[in-house]
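Asks: Pulled these features from TrEMBL for this protein:
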| type | residues | note |
| --- | --- | --- |
| DOMAIN | 1-141 | domain 'RNase H type-1' |
| BINDING | D8, D133 | Mg(2+) 2 binding site |
| BINDING | D8, E43, D69 | Mg(2+) 1 binding site |
| REGION | 147-180 | region 'Disordered' |
Amino acid sequence: MTITAAADGSSLGNPGPAGWAWYVSPDCWDAGGWPEGTNNMGELTAVLRLLEATAAAGLADEPLRILADSQYAINCITQWMPGWKRRGWRKADGKPVANRPILEALDVAMRGRNVTFEWVRGHAGHDMNEAADQRARAVSEAFQAGRPIPSGPGFGVQAPATEVIPSEEEPATEQEQTLF
């Protein structure tokens, strides 16, 4: 059985209050975030938390299809990571890779998994992507307003979350992040 899930991130400012969410169904989703982060941190962390949640639920052997509207996240995981690892987590120009702690955790979480990614256009009416987007944005807005952070039921099993600490480095610009 292939599990299909959408993963999305949100940031109100870049950096600013940020959120992540993954969504399988109204009864199976989760979300979280930080008082200050970037949209790309949210995009990557949504995938990481989904991988952790499926593993904790005993579903690591099931094929996982991840719908994402972030070409950055998809390319980081499926194309650029091997080169970055060979270069000591540096881009081809020698600059450090943005979001390294999250990427290193993703590298571990992806090992041995059957995961495919499908790009979907964001804010274009794709039901699952819209559901993930709404939940990630709700987290960002909750941090901004000082309200409790919404989270979901997940797969009904508490997943041990890899601690992801936002980088002390200056957030990379979109142009810098696409240089691999």
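The backbone N, Cα and C atoms fix where each Cβ goes, glycine too.
These numbers come from a predicted model, not from an experiment.
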Asks: Can you give me the same-chain residues 6 or more apart in sequence from E43 (Mg(2+) 1 binding site) with a CB-CB distance under 8 Å?
Replies: A7, D8, G9, W20, A68, S70, Y72, A73
Asks: List the other residues in this chain whose Cβ sits within 8 Å of the Cβ centroid of the Mg(2+) 1 site residues D8, E43, D69, in sequence order.
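Replies: Those within range, site residues removed, are A6, A7, G9, N39, G42, A46, A68, S70, A73, G122, N129, A132, D133, A136.
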Asks: Under a three-state reduction of DSSP output, how is D8 (Mg(2+) 2 binding site) classified: helix, strand, or coil?
Replies: strand
Asks: Counting Cβ neighbours within 10 Å across all chains shown, tell me which of the binding-site residues D8, D69, D133 comes out on top.
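Replies: Comparing the binding-site residues D8, D69, D133, the most crowded Cβ belongs to D8.
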Asks: Whole-number Å only: compute the distance from the Cα of D133 (Mg(2+) 2 binding site) to the Cα of D69 (Mg(2+) 1 binding site).
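Replies: Between the Cα atoms of D133 (Mg(2+) 2 binding site) and D69 (Mg(2+) 1 binding site), the distance comes to 9 Å.
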Asks: Based on DSSP, name the secondary structure state of D69 (Mg(2+) 1 binding site): helix, strand or coil.
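Replies: The residue in question, D69 (Mg(2+) 1 binding site), is coil (DSSP, three-state).
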